[in-house]
């Protein structure tokens with residue numbers, strides 16, 4: 001009888017402690033359970049002083065303790081697994097979307113469009129559109145407004161979140177019909193997570209690439225938290241905005257570098273055409289050239305870098321206007337002489353965010369115009385040279401614009417270089433206050449003099 005009692009108590013103790021070991025995910029405890037079980041059986045058989053009632057009470061106490069500790073831990077494990085599963089699904093949504101799109105691109109005709117998929121009832125009733133090249137320094141944020149339809153191409157850098165949010169709200173934006181992230185660099189997607197949090201985004205189009213950066217993770221997680229699935233559009237896909245306007249996506253198949261992965265967006269409104277190139281360089285320009293014809297407006301690629309805007313590209317497109325989104329005295333010395341000389345030689349009217357602040361064009365469907373002053377052909381990669389004198393833009397002035405500004409010098413009037421400022425490693429702006437709202441999300445905030453920061457653009461909020 002004693003053997004039976006010892007065996008029962010040993011088995012109960014073994015399983016109760018094993019349960020606790022599993023619940024706590026502590027394997028050495030399983031060995032302890034086995035030792036205690038064997039010891040219990042042995043002592044019960046050999047020791048006459050151990051009474052079965054006492055042994056059962058001890059066993060019951062151990063059971064209660066093990067289960068009271070183990071059950072909550074198992075519950076927490078289940079919760080954590082569910083949470084991890086959801087996070088995994090969110091982080092994988094982009095890659096699965098890209099994979100499925102790649103397959104569709106292979107199996108589908110490249111001319112597949114989404115024009116007919118848009119209900120006529122949801123189309124804009126107006127033919128007039130405005131195109132805003134928002135001044136975010138040496139980064140991109142372009143807003144197209146046409147009636148109730150809103151297209152946002154890129155979202156500036158991390159430091160631009162507050163300014164961009166306020167800009168969109170001032171334009172009366174509540175819903176964004178199409179958000180386009182041209183590629184994964186921080187100076188193009190840095191502010192998009194804040195835009196996603198503050199506005200309703202109906203469609204999110206992304207390039208065929210990704211990045212292992214915190215900025216990119218913030219962007220993807222913000223979309224996932226809103227239930228917004230990023231998708232890579234089909235090559236040449238068209239998305240209708242009105243009866244006479246649409247956007248067409250080029251280069252969605254990717255490229256040899258992150259810049260070359262840039263989605264290129266063609267906006268067509270009646271007879272007007274504007275091309276937005278992100279940071280696409282000469283490889284992409286050559287690849288898409290056969291699908292393009294003459295345009296009215298070109299957003300110059302990669303902030304005027306010599307790596308973009310080939311002569312072949314300009315000669316084929318023959319744009320009337322060129323807009324350069326570029327920061328004052330940026331560390332990359334954008335725009336470069338090669339690009340500016342090509343624009344000058346082609347007699348293309350230039351407008352620059354470093355000279356005119358935000359550049360806004362109006363498209364009526366039968367012509368485009370801007371009130372922004374005509375820009376210069378000045379460049380920054382060779383400051384001892386000059387491409388032109390003060391008559392830079394007179395040869396290509398248009399009735400719809402004002403007279404040209406005098407050429408701006410290549411030095412920017414800023415705060416004293418000994419002033420203490422704050423900045424982030426990847427940001428474009430310096431801040432006067434460490435508690436500036438645009439720095440609240442930053443994990444690394446540097447402090448030093450303005451000269452040490454190597455930043456030229458003051459924050460719009462704290463300066």
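Using the three backbone atoms N, Cα and C, a Cβ is placed for every residue, glycine included.
In TrEMBL, the feature transmembrane segment is placed on 12-42, out of the ranges 12-42, 105-135. Here TrEMBL gives region 'Disordered' for one range in the set 323-379, 380-436: that range is 380-436. Residues 54-74 are the range that TrEMBL records as transmembrane segment, among 54-74, 75-95.
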